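Taking it in order: structure first as structure tokens, then the write-up.
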Amino acid sequence: MKKILVIGDLIADYYLWGKSERLSPEAPVPVLEVQRESKNLGGAANVANNLISLKAKVFLCGVVGDDLEGEHFISALKARGIDASGILIDKTRCTTLKTRIIAQNQQIARVDKEIKDPLNADLRKKLLDFFTEKIQEIDGVILSDYNKGVLDFELTQAMIALANQHHKLILCDPKGKDYSKYSHASLITPNRTELEHALHLKLDSHANLSKALQILKETYHIAMPLVTLSEQGIAFLEKGELVNCPTIAKEVYDVTGAGDTVIASLTLSLLESMSLKDACEFANAAAAVVVGKMGSALASLEEIALILNQTHPKILSLEKLLETLDQQKIIFTNGCFDLLHKGHASYLQKAKALGDILIVGLNSDASIKRLKGDKRPIVSEKDRAFLLASLSCVDYVVVFEEDTPIKLIQALKPDILVKGADYLNKEVIGSEFAKETHLMEFEEGYSTSAIIEKIKRTCND
């Protein structure tokens with residue numbers, strides 16, 4: 001279990017839910033008939049709550065007021081299993097409270113109660129002391145800045161310096177226009193509007209997006225520059241090139257707290273040694289879960305897995321496939337199927353004609369790299385699996401990580417194992433577990449290698 005320290009502005013989110021069907025006689029404003037009320041952890045506490053939902057151990061550091069809202073807030077943190085030992089009481093301010101008024105599941109108003117003054121020197125020292133005490137114990141840090149007075153320039157830079165000194169990952173969710181405040185952070189997560197305001201640059205093209213991210217890297221020394229683009233996903237730099245991770249969300253009901261979900265899921269993904277691209281895909285999936293709910297919602301690992309795996313109903317794990325099959329004549333074949341072409345489709349159609357259920361074992365990306373070198377595959381396993389599953393002749397697709405499909409064949413025990421005719425007089429792996437092995441002729445003139453060579457020639461001309 002990863003240990004993550006979250007520091008930032010703590011916000012109590014309060015919701016009034018109801019219906020509004022008339023205007024007030026006192027003024028031209030809607031009247032809400034309240035049907036229920038709810039309270040959520042907001043701001044940095046919502047980041048912490050998201051991390052708890054993703055099975056992390058969380059230490060939260062910030063301030064609340066000396067009031068009833070502050071007491072309830074700390075109680076709610078403890079109830080969620082969040083370590084609240086870093087929460088300080090500021091007698092000079094109220095607990096930040098945002099009240100959202102929801103009618104027919106639409107937000108019609110918000111009322112904010114807050115004090116944005118910077119913390120006094122004593123509180124700032126106590127926060128930094130807590131940070132210093134915990135830094136060796138934790139795996140990563142998130143600075144959640146809502147511009148409410150906790151993370152001023154000096155404190156932010158001191159925490160980033162300490163994190164770097166101890167070789168800890170530190171991510172910042174920025175606010176304001178001065179990004180030098182976050183310089184030397186591992187990663188920051190501005191949205192498009194925030195980054196445009198900070199850099200005075202319109203992000204209306206790939207060129208400007210790339211330029212903005214280069215500025216973050218070269219001017220502010222952000223190790224992994226990134227920008228969130230709402231419905232267009234997340235953009236980042238990889239070896240100096242702009243990469244876009246498209247969004248996954250199908251329906252958007254409420255974007256409240258989506259940024260908190262993104263930074264929480266990015267942090268955990270990177271701490272689990274995911275690549276930045278994979279971490280962005282994971283964060284997009286987590287965001288897709290929460291924007292499909294009302295209020296500052298949470299995404300569980302199970303919900304994220306469902307989103308990531310909802311590529312095609314025919315793409316199953318071996319375990320799920322074995323549960324599905326029922327006394328039918330099973331045909332099995334396997335391959336890389338990189339750059340799917342007519343020859344592949346013809347081969348699979350002929351294989352399907354031999355029985356009832358055609359199962360295709362698909363080499364994973366890692367498997368292909370071992371077999372064919374680092375430049376392959378051209379098409380990712382997720383996309384290759386989706387294309388195969390889209391063929392009417394294919395009933396199920398199972399991705400395997402090994403160099404050969406022997407484990408799949410042994411588990412499935414197919415009626416017919418289909419391989420290409422080029423296996424004539426060669427050993428067919430797994431044939432001992434099939435009732436029959438059938439060698440199928442390929443359609444002449446079609447191969448992935450030929451397509452790659454044609455593309456190379458075209459590019460060179």
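Quick reminder: no glycine exception, Cβ is built from N, Cα and C everywhere.
Pulled from Swiss-Prot, these are the features on record:
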{"type": "REGION", "residues": "1-315", "note": "region 'Ribokinase'"}
{"type": "BINDING", "residues": "ASN191, ARG192, THR193, GLU194", "note": "ATP binding site"}
{"type": "ACT_SITE", "residues": "ASP260", "note": "active site"}
{"type": "REGION", "residues": "332-461", "note": "region 'Cytidylyltransferase'"}
The region 'Cytidylyltransferase' (332-461), counted residue by residue under DSSP: helix, strand, coil: 54 helix, 26 strand, 50 coil
Rounded Cα-Cα span from ASP260 (active site) to THR193 (ATP binding site), Å: 16
Count of other CB atoms lying within 10 Å of the CB belonging to GLU194 (ATP binding site): 20
Which of ASN191, ARG192, THR193, ASP260, the listed recorded positions, has fewest other Cβ atoms within 10 Å: THR193
Additional residues around ATP, ordered along the sequence, whose Cβ is within 8 Å of the centroid of ASN191, ARG192, THR193, GLU194: PRO190, LEU195, GLU196, HIS197, VAL227, THR228
Collapsed DSSP category at THR193 (ATP binding site): helix
PLDDT averaged over the residues of the region 'Ribokinase' (1-315): 91
Distance, ASP260 (active site) to GLU194 (ATP binding site) (CA atoms, angstrom): 15
Integer Å distance between the CA atoms belonging to ASP260 (active site) and ARG192 (ATP binding site): 15
Length of the line joining the Cα atoms of ASN191 (ATP binding site) and ASP260 (active site), in Å: 12
